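Asks: Would you mind keeping the following structure in view while I ask a few things?
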Amino acid sequence: MDSKAGDLFSAEPADAAGSGGVMGRLWLPKGLSPSVAKEWFDRRRASIRPWAGFVDHRKFTKPRNFGELCQRVVRNFDTYNSNYTFIFLGLILYCIISSPMLLIALAVFVGAFYIIHLKSLESKLVVFGKEVTGPHQLGLAGAVSFPVFWLAGAGAAVFWVLGATMFVIGSHAAFRELEGGSEMEELFMEPV
């Protein structure tokens with residue numbers, strides 16, 4: 001554990017050589033930097049399909065059979081993947097905003113993680129004779145904030161978001177006609 005070259009987490013930022021210290025930066029996992037998150041978000045936003053066509057009620061029909069239903073789900077999920085991602089993120093945001101206790105629980109988690117991180121920057125954080133690494137700091141922050149998440153009903157919120165997402169996205173994917181439907185029908189017709 002002396003070498004952090006292979007670690008996913010590092011307490012030192014990539015540009016530590018030119019900066020006056022690490023106190024001004026919030027520590028994040030190497031793969032989760034603000035630039036990576038912004039790039040992912042921009043890619044998703046660029047590949048989003050127009051919302052007017054996404055919700056056009058004239059394009060929704062009942063599938064003829066189970067095979068067509070499965071084909072619609074697979075193809076629509078591939079076509080509208082970015083739209084579905086934003087629906088999922090919107091449901092998460094709605095769930096968090098509509099529950100003040102969940103907001104408090106998230107604030108407690110972020111605060112606990114930030115305090116633990118600041119303590120580890122001052123000196124190595126040692127618990128029971130072992131140094132606490134980055135992933136363990138996240139676990140410690142989670143353990144500290146777990147009672148607040150439990151009181152806030154975070155488990156129910158997670159299952160509500162998953163259920164609502166599966167219902168909305170599944171319904172859309174199953175009942176939305178495929179793009180270029182007439183061409184696809186000709187491909188799957190068998191000669192008589």
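Placement of Cβ uses the backbone N, Cα and C atoms for every residue, glycine included.
Copying in the features that TrEMBL gives for the protein in this structure:
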TRANSMEM  86-116  transmembrane segment
TRANSMEM  148-169  transmembrane segment
Asks: So which residues does the transmembrane segment (148-169) touch in its own chain, when a touch means Cβ under 8 Å and the partner is 6 or more beyond its ends?
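Replies: Here the qualifying positions are 77, 84, 87-88, 91-92, 95-96, 99, 101-102, 104-105, 108-109.
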Asks: Which sequence positions outside the transmembrane segment (86-116), separated from its termini by at least 6 residues, show Cβ-Cβ distances below 8 Å to it?
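Replies: Distant Cβ neighbours of the transmembrane segment (86-116) are 26, 44, 48, 125, 132, 137-138, 140-142, 144-145, 148-149, 151-154, 157, 160-161, 164-165, 168-169.
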